[in-house]
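Enquirer: Here you go, one structure.
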Amino acid sequence: MATCIGMVGRVGGFVRTVLKPVAGQCSRHRISVVVPLRLSHAARSSLYEHVREGYSDKPDLDMRAVCEETDKVIANVENRKGDLTGDDVRKIVCVWQELQAVRTEISELEQEKRRVSDTVKALVSKKDKKALANVPEYTQALQKGREIRTRLNHLYPKETELDQEHYGRALRLPNTSHPDVPVGDESQARVVELVGQKPEFDFKPRGHIELGEELGLIRQRHLAHVSGHRSYYLRGAGARLQIALQNFALDTVQKRGFIPMVVPDMLKGAVFEGCGMQPNAHRSQVYSLDPARFPDLNLAGTGEVGVAGYFMDHAVNWKDLPVRTACSSTCYRAETDTGRETWGLYRVHHFNKVEMFGVTADETGEESSQLLEEFVSLQKEMFSALELHYRVLDMPTQELGPPAHRKYDIEAWMPGRNSYGEISSGSNCTDYQSRRLNILYEREDGSLQYAHTVNATACAIPRTIIAILETHQTKEGSVRVPPALRPYLGLEVIEKPKYTPLKYIGPNQYSRPPRPAPKTG
């Protein structure tokens, strides 16, 4: 286990705490033998480039904990489903220790440089310039100053190189895992609560696409040439149902003190990375705009990124904590690395979602855990009001995203699929995002402390539509609207519309109607 102790140094005019390695110290020649250099894990960091361009302060990663509890960090990394290994963690520690050694040397040399400069100034003030050439103390001081400058000119670029390598690797470390989180893959998820009863039918329940097409709510057919696969249209009561769910969720959370927000759908890669997502590494999940025309702009897959960007580089007054915000946004997900759920609304490229986001203090260590429980309680309240049968799951380590310390999923029973399906999740990210995005709060005494962040889905609209249609369908083919949703939808029952469905007249069909005859005369 590597050990670091704190020292205070001044480098480049800024006071910084230096963690000086004293045990288990790595040397560069050892690194190449024990831990092979893996350039893929020192990849380009949008967040680091953002910092170098002067847009934000450096992420303040808790490297003391990584150095002092390396074995725990390695175990945590290996329990997760990321691409980092124990060797990568050791490499991160080694690079960090070498960086601190370089910074310590720079700090000591700059202090020595100031002492030499003071000596030269004192001698110049006392003696004639011509006489100084014969004063050994003066000539020695000049020589010493030249040696220090030469050494510093070598160390400054080395510090920059190590700093970049360090952040390129360390920013990919996941958050710690709560002690109660199950270890393993999704099969190890722990059922915390089962709410309601599975609906019973005296007929074979239909799936949401069959219901949606029959009732004129959903169209997914013949869209490959329009918007591609995994896209859809909502029409009539289907469109109204989306708006109703959005307003129902927003009204519910606003009554609990949430501040509504409208957030950007396009954000810089630094904000994604600060939230624990890697747009450059996960092109199969993230849509990026053409970099030749719109450098470093990506479409958000969740409103969490936009809200986190709002708080980036800002401090919240302690009187306002916890801050609870909610936004409704369109989310974009490439989903090109999965062949699952290729039909229907369960896994699509674009969807609307109402997201809850919280910023809280870190004084007792329990504030963010309590806020997560509050968010989950709100989720349960909404899904119970929609008369859905669902279960709450404490998700295992391999199902935690990098920023999550703990995550709960809620899965609703979907009769047409004859299975549970995830309709929401909630995560406690502790100070993982705030240390990367510089989200702080100001205490009563004026001091600053890193905040904790919590996020949770209030309503992922397409999946909630699936659960509502399949749960509340009737034998006649209509859908009963839950009472809580009726004031928003203006309907008690969703029935087949009176208008005639569109008729497909395009290619790739067995029989096509004749095209219009050309006009004559």
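From the backbone N, Cα and C atoms, a Cβ is placed for every residue, glycine too.
According to TrEMBL, the L-serine binding site annotation covers Thr302, Arg333, Glu355, Asn455. The annotation ATP binding site is assigned in TrEMBL to Arg333, Ala334, Glu335, Val348, His349, His350, Phe351, Glu422, Ile423, Ser424, Ser425. According to TrEMBL, the coiled coil annotation covers 99-126. Residues annotated as domain 'Aminoacyl-transfer RNA synthetases class-II family profile' in TrEMBL: 202-482. Residues annotated as site 'Important for serine binding' in TrEMBL: Thr457.
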Enquirer: Given the recorded positions Thr302, Glu355, Asn455, Thr457, state which is nearest to Glu335 (ATP binding site) when distance is taken between Cα atoms.
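Expert: Comparing Cα positions, the candidate nearest Glu335 (ATP binding site) turns out to be Thr302.
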Enquirer: Out of His349, Ile423, Ser425, Thr457, the recorded positions in the record, which is closest to Glu355 (L-serine binding site) when you go by Cα distance?
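Expert: Comparing Cα positions, the candidate nearest Glu355 (L-serine binding site) turns out to be Thr457.
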Enquirer: Cα within 10 Å of Thr302 (L-serine binding site) is the criterion; apply it to the recorded positions His349, Ser425, Thr457 and give the hits in sequence order.
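Expert: The recorded positions close to Thr302 (L-serine binding site) (Cα within 10 Å), listed in sequence order, are Thr457.
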Enquirer: Using Cβ-Cβ distances, find the residues under 8 Å from Asn455 (L-serine binding site) that belong to the same chain and are at least 6 apart in sequence, listing them in sequence order.
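Expert: Long-range Cβ contacts: Thr302, Glu304, Val307, Glu355, Met356, Phe357, Gly358, Gly426, Ser427, Cys429.
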Enquirer: Between Phe351 (ATP binding site) and Arg333 (L-serine binding site), how far is it from one CA atom to the other, in Å?
Expert: 9
Enquirer: Please identify which of Thr302, Ser425, Thr457 has the densest Cβ environment, defined as other Cβ atoms within 10 Å, among these recorded positions.
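Expert: Of the recorded positions Thr302, Ser425, Thr457, the most buried by Cβ count within 10 Å is Thr457.
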Enquirer: Give the distance between the Cα atoms of Ile423 (ATP binding site) and Thr457 (site 'Important for serine binding'), rounded to the nearest whole Å.
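Expert: Pair distance, Cα basis, whole Å: 8 Å.
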Enquirer: From the Cα of Thr457 (site 'Important for serine binding') across to the Cα of His349 (ATP binding site), what is the distance in angstrom?
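Expert: So the Cα of Thr457 (site 'Important for serine binding') lies 17 Å away from that of His349 (ATP binding site).
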Enquirer: How big is the Cα-to-Cα gap, in Å, between Arg333 (L-serine binding site) and Thr457 (site 'Important for serine binding')?
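Expert: Thr457 (site 'Important for serine binding') has its Cα 16 Å from the Cα of Arg333 (L-serine binding site).
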Enquirer: Could you state the CA-to-CA distance between Thr457 (site 'Important for serine binding') and Ser425 (ATP binding site) to the nearest Å?
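Expert: About 6 Å separate the Cα atoms of these two residues.
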Enquirer: I'd like the Cβ neighbour count for His349 (ATP binding site), meaning other Cβ atoms within 10 Å of its Cβ, all protein chains included.
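Expert: There are 18 of them.
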Enquirer: Tally every other Cβ atom lying within 10 Å of the Cβ atom of Ile423 (ATP binding site).
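Expert: Taking every protein chain into account, the count is 27.
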Enquirer: Measure the Cβ-based neighbour count of Glu355 (L-serine binding site), defined as the other Cβ atoms within 10 Å of its Cβ.
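Expert: For Glu355 (L-serine binding site), the 10 Å Cβ neighbour count is 27.
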